[in-house]
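Student: Below is the structure I would like to discuss, written out as structure tokens.
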Amino acid sequence: MAKLDITSRERSALRAAAHPLRPVVLIGDRGLSDSVLKEIDRSLTAHQLIKIRAGGEDREARDAMLEAICDALSCAPVHHLGKTLILYRPEPGAQAVPAQAAPEPATRAQRKPSQPHTPKKQAAAGQTRTRSAEKAERAARKAGRADTAAAPPKARRASAAAQAPSHGIPRRPGSALSLRAGARRGLSRSGPKR
């Protein structure tokens, strides 16, 4: 029988399709026998694309084994990586290479770049955003900022002193990191304050 030839693009697609597969035939130390060839033939007929685990330490022996299998069963060698061999034989009357799964249609709603983004929660509530509403909202925010900027600044210390903390613990001004040791307790280097 003749060995099947496949293109490099088909070989790449088959190698990707064979990635999750496990070896279905194991070739032991006794090598290639008639019963092993029958099992490989049966597996190729059932699955079309299979992995084989070949024993033996010699790579040249595994290469010769791969060539013998392909010649005897008219299948294509897809890949030989270490002790794993990948073989492909199309089903008669079927496509030459199994088609990749058709891409799933996009389920996400597509918007044009000129349309404003609507957050998920607003979209779920049925609200939409428009450019005119966005502009009006921005103008209102800008006007609000202009009003607060025109107002006289408030005295921070007076308002802070007037407000007592709700928890009742007095606050000390300044950062604890900038103070030297003992300064929080009113101690200085010369001694306690009197």
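Glycine is treated like the rest: Cβ placed from N, Cα and C.
Below are the features I grabbed from TrEMBL:
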COMPBIAS  96-106  compositional bias 'Low complexity'
COMPBIAS  131-140  compositional bias 'Basic and acidic residues'
COMPBIAS  146-165  compositional bias 'Low complexity'
COMPBIAS  182-194  compositional bias 'Basic residues'
DOMAIN    4-100  domain 'CRM'
REGION    96-194  region 'Disordered'
Student: Given a Cβ distance threshold of under 8 angstroms, which distant residues of the chain, six or more beyond its ends, lie next to the compositional bias 'Basic and acidic residues' (131-140)?
Tutor: 116
Student: Counting each residue once, how many in the domain 'CRM' (4-100) are helix, strand and coil under DSSP?
Tutor: 40 helix, 22 strand, 35 coil
Student: Could you count the residues of the compositional bias 'Basic and acidic residues' (131-140) that DSSP puts in helix, in strand and in coil?
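Tutor: Helix/strand/coil tally for the compositional bias 'Basic and acidic residues' (131-140): 10 helix, 0 strand, 0 coil.
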